[in-house]
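K.L.:
One structure follows; several queries about it will come next.
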Ligand SMILES: [Zn+2]
């Protein structure tokens, strides 16, 4: 590793430790020419491929920006968003690929966001899954209600009264794998313009 101070091409590692909870390694290096020290970070490459074909580094901050919009006015804390972004990164990294589609990032957001706040989830899903009509919302809400019924923990959820259209046979899987996914216009909410 080249020294950033004197441009000497050789340095030695004087300390090496895990960072980002094991996702990265931080190394302290000393230049063998000028003796000054600097730090390097090593982590598995993860790039996001946008619909335009361009790629950019995966960014938790971008995930948070996208999700925060959907969370406006909702009782969601910054800590919750940080944790969500962490889970999203874990999910997309677990594919093992160095490059993932923006759609995959959006899909990875749906699950944790749904656990966090159902209204924010519906907002996000309506953009990500390109809801086109009330019927799309009804299917999504029915899926939420069906799951709430199974776990019985969200019995008093505010969504419970907002739709009585579709039956409980429409599970959550139907939403995330539904026909809209193929037509989804990229990850507008999460990846920005
Ligand atoms: Zn140097």
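Residue numbering: from 1, along the chain as shown.
Just so you know, glycine gets a Cβ as well, placed from its N, Cα and C.
Copied straight from TrEMBL:
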| type | residues | note |
| --- | --- | --- |
| ZN_FING | 3-34 | zinc finger |
| DOMAIN | 46-136 | domain 'ATP-cone' |
K.L.:
When the zinc finger (3-34) is classified with DSSP, how many of its residues are helical, how many are strand and how many are coil?
P.N.:
3 helix, 17 strand, 12 coil
K.L.:
Tell me the residue counts in helix, strand and coil for the domain 'ATP-cone' (46-136), as DSSP assigns them.
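P.N.:
Across the domain 'ATP-cone' (46-136), the residues distribute as 56 helix, 9 strand, 26 coil.
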